[in-house]
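Take a look at the structure set out below.
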Amino acid sequence: MGGMTTPADDFRSGFACFVGRPNAGKSTLTNALIGTKVAITSSKPQTTRHAIRGIVHRPDAQLVVVDTPGLHRPRTLLGQRLNDVVRETWSEVDVVGFCVPADQRIGPGDKYIATELRSIARKTPVVGIVTKTDLVPQQRVAEQLLALQELMDFAELVPVSAVDGYQVDVVADLLVGRLPVGPPLYPDGELTDEPEATLVAELIREAALEGVRDELPHSIAVTIDEMAPREGRDDLVDVYAVVHVERSSQKSIVIGQRGQRLREVGATARQHIQKLLGTKIYLDLHVKVSKDWQRDPKQLRRLGF
Ligand SMILES: Nc1nc2c(ncn2[C@@H]2O[C@H](COP(=O)(O)OP(=O)(O)OP(=O)(O)O)[C@@H](O)[C@H]2O)c(=O)[nH]1
C-alpha cells in the first residue's frame, strides 16, 4: 500500500459471495471479475475461516469474494455442517450474488436456496444474476430474469456472461454499490508479489486442514522453501514446502498413522497445484514444529503474516 495515497472518502470495501446450484457459473464469474489477480487467505490468520477466492481491486473499491461450499439438502451430518458454514458466510458478507444459468429452468434447487437465503440473511442484499447469457437467445434471458424475480426479493437483477465478458463490469458495479464505505481491507501489493508461491502454500494449507480444522484451527502455516522447474525439463516443477505447526501433538495429527495422512495431504495438494500451475509437480512436504509461531512476531514475519 505504501501509505502514499489515502483512499477517497467514498471508497468502498467489503465481502461478497456467490450462491447457486452446482454448475450455475459461480467460479467462472468470480474469475472473470477478479481477472488475473489471485488473493491469498493465509496472509490473514483471522480470515481463514472463509477462504478468500479473490479480490477485485478498483480505484474506487475493494471487493473481496469469499468461497462458500455449495448448499445441500442436508442428508448427513457433514452436509449439515457444510450448510452451517454456508449460512454463517451468508450472514457475514455484505452482499450475496445468487446465480442462475440462463439455459436451465429455475427448479426446486433454486427455490431451496432462495428460501434459505430469505430466512438466514434477511438483512443481506441479494443480487439476482442470470449467468451464461451467451448460450441462449436474448428472449430467453428476459424470460429467465422474470422467472428469477419470482423467487425472492432481489436488491438488483442482472444478466451476465463470464465467457464473452458481457456485463461483467455491471455485476462488479452492483456488488460494489452494496459495500459499506471504508478503506481497503487488504493491501494491493502483497497479492501480486509472489502469487504463485503464496497460492501454492495456501493450497497445501487447505489440504492439511481438511478434516482436522477443529483440532488445529489456526495452528498451521505453510512456507515454500523452493519452487522451480526441474533442470532440463519444462513439464515438471519441484516444490519444497514446510508445514509449520505449534506443538508436536499437532505434528502427529498432520502426519497421521505411519505418515498416511501427510501422504493424502500431499496428494490432494499436488492435484490442486497441478491444476493451478498447469504443469506436473513434484511436491516435497515436511512438517516442522515452529513453537508458538502465532505469538512470535519474528516467526510470523518469516511465515509471511
Ligand atoms: N457458455 C458459458 N459457459 C459458462 C459460463 N460460465 C460458466 N460456464 C460453464 O459452466 C460450467 C460450470 O461453471 P462453474 O463456474 O464451474 O460453475 P459453479 O457454479 O462454480 O459450479 P460448482 O463449483 O459446481 O458449484 C463450466 O463448464 C463453465 O465453463 C458462461 O458465461 N458461458
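From the backbone N, Cα and C atoms, a Cβ is placed for every residue, glycine too.
Fair warning: this is a prediction, and the values are worked out from it, not measured in the lab.
Taken together, the residues of the domain 'Era-type G' (12-181) have an average pLDDT of 83. What TrEMBL lists as domain 'Era-type G' is 12-181.
Among the features that TrEMBL reports, region 'G1' is placed at 20-27.
Residues annotated as GTP binding site in TrEMBL: 20-27, 67-71, 131-134. Annotation note: GLY20 (GTP binding site) sits in a coil segment as assigned by DSSP.
The annotation region 'G2' is assigned in TrEMBL to 46-50.
Summarising the annotation, TrEMBL assigns region 'G3' to 67-70.
As annotated by TrEMBL, region 'G4' applies to 131-134.
Per TrEMBL, domain 'KH type-2' is recorded for 212-291.
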Other C-beta atoms that fall within 10 angstroms of the C-beta of GLY20 (GTP binding site): 21
Listed binding-site residues (ASN23, THR133), ranked by Cβ neighbours within 10 Å, top entry: THR133
